[in-house]
Amino acid sequence: MYTLARQLLFKLSPETSHELSIDLIGAGGRLGLNRLLTPEPASLPVSVLGLEFPNPVGLAAGLDKNGDAIDGFGQLGFGFIEIGTVTPRPQPGNPKPRLFRLPQANAIINRMGFNNHGVDHLLARVRAAKYRGVLGINIGKNFDTPVERAVDDYLICLDKVYADASYVTVNVSSPNTPGLRSLQFGDSLKQLLEALRQRQEALALRHGRRVPLAIKIAPDMTDEETALVAAALVEAGMDAVIATNTTLGREGVEGLPHGDEAGGLSGAPVREKSTHTVKVLAGELGGRLPIIAAGGITEGAHAAEKIAAGASLVQIYSGFIYKGPALIREAVDAIAALPRRN
């Protein structure tokens, strides 16, 4: 059924197709239809971050930026859902066209630019949802906020989403907001992490519970840079790392239609680069922080590959666009077939 739906959706522009898909998934969730259309994944419970996940396969941020289809995605069999990236104030994002399919490579290029309706809209949608599973909320900075003041935007969002999130992801790795990736390095990273940790401690006292913080990083760093990030996360007391965001590289899409568009590349071509980042992180972290792996999972075996590389959880986005909900079950089954780790 999804193959037919995809054929119809792919006749539309990528962004129109995306918006229509969110509407349809949301409507299916309200009517309780989505769970009838997809096989329930095998039970594969896992405990990470002090949270209980029914399975380790989640929805990556970016697909449901505004939380408009939480219940719909919640009925498809995901072990957890991450919504956003959301910013303090609504913003339109970059000019269109800004989203491009590369079906020959099972890939997508986007330069969306954190288009979203703002954190208050997202929270209204979260509070209206019936979903009670693990919900991550991904936060970012507004386009017109100087990078030097980025911490202010992150703290505004953290204050607002804290009570409603199972965990919060801090996005410092989107390539589509100028200067954002500089926050992954040196003193900028340390200052951001210190501010986040201090605010997390204050919010934990206020709300009576500690909400984990995850930092989402790029796949385009050197091994040495990745190691420095890992050390900074441990030193600052962060709770998890998500590896990875989209890549600025174009390996695997050279010469394809839209292959030279500006923006972040996701899907199959980023798989090896993302998995390598997971391996480097796993070696540096030694189990001190859990890794949530994202990037290039278009088959069940790719999800298992991420877990074998050292991840505790995985997320899918582009693979979901190309393969639909069946990929969730496929990924869970592939992970379940891995030898058990002590």
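Heads up, the Cβ atoms here are built off N, Cα and C, so glycines get one too.
Ser174 (active site, nucleophile) carries neither a helix nor a strand DSSP state and counts as coil. Sequence annotations record features per position, and here Swiss-Prot assigns active site, nucleophile to Ser174 based on sequence analysis.
Under the heading FMN binding site, Swiss-Prot lists Ala61, Gly62, Leu63, Asp64, Lys65, Thr85, Asn138, Asn171, Lys216, Thr244, Gly267, Gly296, Tyr317, Ser318, citing sequence analysis as support. Around the Cβ of Gly267 (FMN binding site), a 10 Å sphere holds 26 further Cβ atoms from the protein chains shown. Look at Gly267 (FMN binding site): DSSP puts it in a strand.
Per Swiss-Prot, the feature substrate binding site maps to Lys65, Asn110, Arg111, Met112, Gly113, Phe114, Asn171, Asn176, Asn245, Thr246; the stated evidence is sequence analysis. For Arg111 (substrate binding site), the same-chain residues that are 6 or more apart in sequence and have a Cβ closer than 8 Å to its Cβ are Asn94, Arg98, Leu99, Asn176, Glu261, Ala262, Gly263, Gly264.
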Check: same-chain CB within 8 A of substrate site center, minus Lys65, Asn110, Arg111, Met112, Gly113, Phe114, Asn171, Asn176, Asn245, Thr246: Gly62, Thr85, Gly93, Ser174, Pro175, Thr177, Gly263, Gly264
Shortest C-alpha distance to Ser174 (active site, nucleophile) - which of the binding-site residues Leu63, Asn138, Asn245, Tyr317: Asn245
Conformational class of Asn138 (FMN binding site) under the three-state DSSP mapping: strand
Alpha-carbon distance [Asn245 (substrate binding site); Ala61 (FMN binding site)] in Å: 10
Cα-to-Cα gap, Tyr317 (FMN binding site) vs Gly113 (substrate binding site), nearest whole Å: 17
